[in-house]
Structures are given as structure tokens and as C-alpha cells.
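Student: Relevant sequence annotations retrieved from TrEMBL are reproduced here:
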TRANSMEM  B:16-35  transmembrane segment
TRANSMEM  B:98-119  transmembrane segment
TRANSMEM  B:131-149  transmembrane segment
TRANSMEM  B:185-211  transmembrane segment
TRANSMEM  B:232-253  transmembrane segment
TRANSMEM  B:265-293  transmembrane segment
TRANSMEM  B:305-324  transmembrane segment
Amino acid sequence: MSTNDRTSLSRRSLLKASAAGASVLAAPHFFIKGAYAAEYCNMPTGDTVTLGFNVPQTGPYADEGLDELKAFQLAVKHLNGEGDGGALNTFKPSNLKGNGILGKKVAYVSGDTQTKSDAARASAKRMIEKDGALMISGGSSSGVAVAVQSLCQETGVIFMAGLTHSNDTTGKDKRRYGFRHFFNAYMSGQALGPILAQEYGKDRKAYHLTADYTWGWTQEESIKDATEKLGWETVQTVRTPLGAGDFSQYLTPVLNSGADVLILNHYGSDMVNSLRQAVQFGMREKQVNGKDFQIVVPLYSELMAMGAGEAVKGILGTANWNWQLDNDGTKAFAKSFGQEYGQPPSQAAQTCYAQTILYANACETAGEFTPPAVIKALEGFEFEGLGNGKTLYRAEDHQCFKPVLVVKGKENPSNQFDILEVVEVVPTEQVTYDPSIFGGELGPYEVQGC
Amino acid sequence: MDALILQILNGLDKGAAYALIALGLTLVFGTLGVVNFAHGALFMLGAFCAVTMQKLLTLSTRVRDESITFFEAYKEVPYLESWLGDTGRIIIDYSVPLSILLTIPVMLLVGVVMERGLIRHFYKRSHAEQILVTFGLAIVLQEIIKAIFGANPVPVPAPPAVAGSASIGEWFGLGPAISYPWWRLVYLGFSLVILAAVFAFLQLTTFGMTVRAGMRDRETVGLLGIDIEKRFIIVFALAAIVAGLAGAMYAPILAPNYHLGMDFLVISFVVVVVGGMGSLGGAVAAGFLLGILQSFASMTEVKSILPGIDQIIIYLVAVVILLVRPRGLMGRSGIMET
């Protein structure tokens with residue numbers, strides 16, 4: 001009897017013990033998390049530091065994504081003291097030593113955002129949780145950037161946005177852990193508006209075709225505001241699904257709308273398709289209201305322009321940067337990139353390169369990897385020598401302020417990469433705005449972490 | 001009025017592509033009784049035949065580009081251009097029409113291999129199994145193309161002579177406002193020729209008659225001593241060629257990418273269902289009808305009343321047609337009803 005009792009007791013205690021053991025094993029995710037919050041996410045312990053590069057490798061923005069990845073790889077090389085150092089030689093004020101970041105060698109992992117917000121979040125989550133990425137960068141879509149940025153805020157990982165042009169990224173969806181070097185739609189409107197009025201006159205009727213997501217909406221709004229202030233009339237704005245392919249049914253109504261300017265708020269392969277098709281429809285030879293019909297592409301990309309071939313010649317737009325700019329930072333970076341990959345870098349590549357360098361420099365300045373210290377080192381940081389001239393990382397919204405380029409498809413290119421010419425470098429003052437106009441809150445420095 | 005004419009042309013153009021895909025789909029269904037989800041992939045393969053032709057013609061040697069000084073840049077000069085000069089350049093310009101010469105044998109081969117190698121083993125299996133296996137095949141084909149050509153769309157230009165737009169308004173005295181891309185007109189004409197050829201083949205030849213008889217009553221045709229299966233291989237290959245040609249000629253309109261087939265497949269199935277399963281005339285009529293309706297639904301006047309209608313119009317029409325005429329526009333009884 002007593003033996004039986006003992007046996008049943010020991011079985012019960014075994015069960016209890018294993019239940020307790022299981023709950024202890026399961027606990028770290030739910031209960032113990034808070035205890036380590038002060039340690040921050042993925043602080044490097046060994047002799048390497050891992051950065052996560054999350055770019056579209058498939059989908060409508062894949063061309064940009066692959067170019068971004070090349071730039072990231074080059075930045076890692078330069079940070080580790082390999083290669084010719086590129087724009088590290090011209091960047092100032094710099095605390096970089098060419099021996100990695102804070103003496104730790106830089107390694108990286110990459111992921112495919114597929115140009116989809118959910119896939120991008122999943123990919124960033126994997127890099128943070130599985131690969132131990134200390135910082136996430138990349139993106140070629142504002143929808144993706146906004147989604148990943150909010151994930152990074154939750155997990156306490158700094159997000160250095162790649163190519164994202166929506167006002168929302170550093171406007172209503174801005175985050176303490178998110179930083180953007182690239183310019184935005186509002187700046188494009190402010191820079192492009194006066195040039196449009198100067199080239200095409202103040203009495204124009206515009207028709208917008210807009211990619212139906214955050215970037216398209218804010219660009220449409222910004223360009224509409226800027227052109228209407230100059231006296232233009234907006235005849236119609238039409239939303240088109242991302243990746244629509246054949247835009248013919250959206251293009252034909254333009255011809256009969258009375259509009260004499262078509263504004264294409266498209267990017268990547270959407271842009272290539274809609275612009276080529278607009279040209280096939282003979283829009284560039286048309287006369288409407290006694291004026292030559294014009295097409296405007298507010299956000300230009302060299303990669304897109306190469307895909308669109310002849311169609312881009314003479315078409316106005318804006319860009320964050322161009323490899324043919326005449327400054328030391330541009331020359332150093334374009335040379336280094338050209339030698340490495342046999343082609344000049346795109347503006348997507350330049351912004352990603354700059355973001356990686358800026359992050360590394362902020363860690364060196366802070367002397368530590370803890371995100372709040374790195375964030376404070378980036379906020380209000382003024383620098384030059386990365387290709388855009390004097391640039392400020394504004395503390396209030398984590399947006400970079402620098403001159404904006406108005407560009408035009410070159411009529412007589414001197415080589416296969418000579419696609420855009422810079423019409424005007426619009427000074428920073430003209431594109432600077434009050435951070436409060438877009439609303440949004442940066443949020444706290446201290447978050448619960450991953 | 002001008003807008004209406006242009007949207008009708010747009011609709012006819014889209015409809016032509018839908019009709020060509022749906023024609024093959026319903027032909028295979030009517031004869032072989034197979035629901036072929038890999039049919040969209042055949043359209044995509046055709047488009048990549050045009051890409052391949054362009055790549056073949058522009059096989060290039062790398063020449064140092066002296067205009068770039070700060071790094072070693074190379075430009076690609078096609079062999080054809082360096083060997084034949086201007087003639088070479090003209091041949092390259094016409095790569096899309098020339099790709100027809102490549103598309104026909106390639107698609108014939110793909111069709112025969114697909115039918116003999118896989119599909120024939122599924123003739124007597126359930127429709128669900130046929131759908132699963134052909135859908136799997138479509139994914140395999142898609143991934144092969146992705147592995148070879150990458151995930152990005154590959155722009156293929158139309159010949160320069162037909163790259164601009166035609167002022168059709170002036171031809172018919174309707175004013176200069178109506179102009180339409182030449183290549184899209186070429187595509188429409190090409191599609192009509194192909195459709196006419198397929199119908200003539202089925203209606204006017206003994207072979208076609210046997211196939212039509214087989215579609216009606218396979219068993220009786222077999223009892224008459226005709227090996228209908230052998231003819232069906234040819235039917236399958238014919239469907240593959242039609243889809244392939246539709247894809248190859250579509251390449252200048254829409255830069256081909258690896259999931260082009262899936263984009264067209266769903267719509268083509270709706271076309272087949274609306275037209276009536278197994279009805280060739282129905283597929284063609286429904287193809288053009290849905291193409292035109294889709295274009296009209298994208299008009300700003302329509303979209304301002306019903307936002308988003310351009311995205312769902314096709315399915316809405318399918319629902320209405322199936323409620324009113326469950327067998328589709330020209331469907332016969334006894335198909336997929338047993």
C-alpha cells in the first residue's frame with residue numbers, strides 16, 4: 001500500500017516537475033522578456049555585428065532592390081576597410097575608423113520583401129529574431145517601409161529606410177526608431193512645381209494616374225497642391241492597381257479629358273509599362289488646347305528610365321541624387337560602385353549606401369550600440385560628402401534635408417548610362433517644411449524590445 | 001464618343017488575347033475532357049519565346065565604352081549589328097514578328113511533350129486531380145522561366161515601323177482625337193487571322209470534322225474505327241501553339257514576366273465559363289465581350305459612380321450569366337454535368 005502510494009506520488013511529482021519544466025522553457029518569450037529589456041535587441045556579443053538588408057528581389061520594384069543590395073554590400077566592404085573606401089574618404093564629420101563598427105567586423109543578412117508589406121515584415125522579423133540583425137535597412141516601396149518601420153519600433157531595432165518617397169514615412173507614420181535619408185513627395189512637388197510652370201506655362205490642365213497605395217496617394221496630393229498653387233487645374237485623378245501591367249484602359253480616357261499634361265505617379269515596372277504605353281498611344285505628339293501634350297514623371301529612377309528606353313527623352317521629374325553630379329562624395333561613390341559592378345549606381349543605391357554609413361558613424365559617435373544612444377547621435381546630425389551636399393537629419397521627424405534635383409530624360413545620351421540630365425539643383429530652403437504639417441508622433445526611445 | 005471608340009478598341013484588344021487563350025482552353029476541355037490550368041503558362045511561354053528570340057538576335061560582344069572614364073564600362077554590341085550593319089539592326093528591330101518562327105515549333109514540342117508525358121495519364125481521373133496536376137505543372141513552368149530569365153519583366157520593343165500610333169480617327173473622318181497604337185491594331189488583326197484559321201481548320205477539313213465529332217460523342221467515333229486519341233494530341237498541340245502565338249505577339253504590349261500566365265489564366269477561365277464550357281464560338285464571343293466590358297468599367301465616368309468596378313466587373317458578369325444561363329452563353333448540355 002505504502003509502496004503503491006509512493007509510486008503514485010512519485011509519478012505525480014514527475015508530472016508536476018515536467019509541467020513546471022515545460023513552463024520554465026516556454027517562459028522566456030512571455031514572462032522573462034521584461035527582465036532583459038534594458039539589454040536591447042540583438043546587442044552584439046562576439047566580434048561581428050550583423051546588419052539586415054531587406055530589399056525587393058521580386059515584384060514591380062525588384063530592379064531597384066537588387067541595386068540597393070549591391071550598394072549595401074559595397075558599404076559593408078568599405079566599413080570593414082576593404083576596397084577603395086568610396087565615399088568614406090569624403091564623408092565628414094566622420095568617426096569611422098575603417099575597422100568595422102566599434103571594432104567589430106560588419107556582417108550582413110538579406111531578405112526579399114517581394115514589394116509586399118506582409119512579406120517584408122515577415123522577412124524583417126526573421127532577420128531580427130533568427131539572424132540577430134542589429135539594424136534593418138532597405139525597402140523600395142513606402143508601403144513596405146511604413147510596415148517594417150513600425151515593426152522595428154516595437155522590437156527596438158533601428159530602421160534606416162532605403163528608397164521610400166511617401167510623405168507618411170517621416171510624416172504621420174514616423175517612428176523614433178525609423179530614419180529616412182531619401183527625399184519625399186512633398187519635396188518633389190516643391191522642387192518640380194516652379195520648373196513645370198516655367199517650362200509649360202501656368203495655364204495647364206493635369207490628369208493624374210496614381211499607384212493605389214500610400215506613396216502614390218501622397219505624391220498625387222503633393223504634386224496636385226504644388227501645381228494648383230501655380231495656376232494649374234487638375235482635371236482628374238485616377239488610381240491604378242500596383243502591378244496593373246496593361247494601362248491602356250486608364251490611358252485612353254486621358255486623351256479625351258481635355259487635359260494637356262499627364263502626371264504618372266508610378267514607379268518601377270509600373271512606370272516602365274505606363275510610360276511606354278502612353279508614348280505608344282501617341283501622347284507625346286498630341287496637341288491639346290493649342291499646346292503640346294506633356295508627360296511628367298514626378299519621381300524618376302535611372303533604372304526605370306533604362307527600361308523605358310526612348311520614351312523618357314525630354315520628360316521632367318525629380319530625383320534624390322544622380323551619379324553625374326559634380327561633387328567629391330558623388331565621384332568617390334560612383335567610381336567605387338562602377339569599378340565593383342561595371343555600372344553607375346542608381347539613386348536607390350546611393351541612399352542605401354549613405355544610410356549604412358550614417359548608421360555606422362552614429363554608433364561610433366555614441367560609442368555604443370544601444371539604440372537610444374545611436375538614435376540621439378543621428379538626430380540633428382549635420383554632414384556632407386555622401387553626394388548630396390550639406391545634409392541635416394532633422395531631429396523632429398528623422399527626415400534628411402538636402403537639395404533636390406529636377407531632372408529630364410536626356411535627348412542625346414553620350415553613353416548607355418547617360419539617361420538623365422540635371423535641370424536644376426533646388427536648394428534645401430525651398431523644399432524645407434514645418435514637421436507639424438503631416439502630424440504623427442515619433443514615440444519613445446525606450447521600448448520593450450524583442 | 002471618341003472615348004467610347006477608344007475603349008471599344010481597348011476592349012477588342014484585350015478580348016483578342018482572352019479569346020485566343022480561352023479558345024485553346026475550351027478546345028482541350030471539349031476534346032480531351034481535361035481542365036488545363038497550365039494553359040496560362042503556355043501563353044507565358046509564348047511571350048518568352050519572343051524574349052528568347054530577341055536575346056538570340058542581340059547576342060553581343062562586350063566593347064569597352066570609352067565615353068565613361070572613371071571606371072571600366074562596357075557596352076554590348078550585337079553580333080548581327082557588327083556583321084551585317086544596318087541589315088542586322090533591321091532584323092533585330094523585327095524580333096517579335098520573327099519570333100513566330102520560333103514560337104510555333106517550340107510550342108508544338110511543349111504541347112506534345114505535355115500531353116504524352118503527363119496529361120494523358122489523367123484523362124480518366126477526376127477533374128479535381130486534373131486541376132491539381134495541371135496547376136502544379138503551371139507552377140513548375142513558371143519557376144523554370146523565373147530561374148532562366150529572372151523575376152523582372154523583360155521589355156520587348158515592337159518594330160519601329162509600328163511602334164507609334166495610328167490616327168484612325170482621320171481614316172474614318174472622325175477627327176484627329178482618335179489615335180491608337182499601331183502594334184495593338186496589328187495584334188487585333190493577327191488574332192482575328194488566327195481565330196479564323198482555327199475555325200476554318202475545324203469546320204472545313206476532314207480532320208476538323210472528326211475532332212468535332214469526337215467532341216460530341218467520343219465513344220461512337222471510336223466505334224467507327226477512328227483512333228481519336230491520336231487526333232487529340234494534335235488538338236492539344238494546336239491549343240498550345242495558339243496560346244503561344246497569342247503570348248509572343250503580346251510581348252510588346254506588356255513586358256513579359258514569369259507570372260504573366262497566372263494573370264491571364266483566371267480571366268480566361270471566366271471567359272470559358274461565361275462562353276459555355278466546350279463551346280468554341282462561346283469562348284471567342286465571351287472573350288471579346290469581357291474585354292470590352294472591362295475597358296468600359298475603367299472609364300472615369302463609370303468609376304466615379306461605382307468605384308473599383310474595373311477590378312470586379314468580369315466576375316460580376318460571370319455571376320449574372322451563370323445565374324441567368326447556368327450553361328454559359330453558348331453552352332451545350334451534358335458538359336461537366338455528369
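All positions are counted from 1 along the displayed chain.
Backbone N, Cα and C define each Cβ position, glycine as well.
Remember, TrEMBL labels are computer predictions, not curated facts.
Tell me what's around each of these sites.
Tutor: Sequence-distant contacts of the transmembrane segment (B:16-35) (same chain, six or more residues past either end, CB-CB distance under 8 Å): 42-43, 119, 122-123, 127, 130-131, 134, 187-188, 191-192, 194-195, 198, 211, 214-215, 232, 235-236, 238-240, 242-243, 245-246, 250, 264-265, 267-269, 271-272, 275, 277-280, 282-284, 286-288, 290-291, 335.
Residues 32, 34, 36, 38, 42, 45-46, 49-50, 52-54, 56-57, 91, 130, 133-134, 137, 232-233, 236-241, 243-245, 247-249, 251 of the same chain lie 6+ residues outside the transmembrane segment (B:98-119) yet bring a C-beta within less than 8 angstroms of a C-beta in it.
Residues 34-41, 44-45, 48, 51, 114, 118-119, 122, 258-259, 261-262, 265 of the same chain lie 6+ residues outside the transmembrane segment (B:131-149) yet bring a C-beta within less than 8 angstroms of a C-beta in it.
Beyond its flanks by at least six residues, the transmembrane segment (B:185-211) meets 9, 12-13, 16-17, 19-20, 23, 27, 31, 158, 162, 166, 168, 221, 226, 228, 231-232, 234-235, 238, 242, 245-246, 249-250, 253, 280, 284 of its own chain at Cβ-Cβ distances under 8 Å.
Residues 13, 16-17, 20-21, 23-25, 27-28, 31-32, 39, 42-51, 96, 99-100, 103-104, 106-108, 110-112, 114-116, 119, 156-158, 163, 183-184, 186-187, 190-191, 194, 198, 201, 207, 211, 214, 260 of the same chain lie 6 or more positions beyond the ends of the transmembrane segment (B:232-253) yet place their CB under 8 Å from a CB of it.
Beyond the ends of the transmembrane segment (B:265-293), by six or more residues, the same chain brings 7-8, 10-23, 25-27, 29-30, 37, 39-41, 43, 138, 195, 198-199, 202, 215, 313-315, 317-318, 321-322, 327-332, 335-336 to within a C-beta distance below 8 angstroms of the stretch.
If one looks beyond the transmembrane segment (B:305-324) by at least 6 residues along the same chain, the residues whose Cβ comes under 8 Å of a Cβ in the stretch are 267, 270, 273-274, 289-290, 293-294, 297-298.
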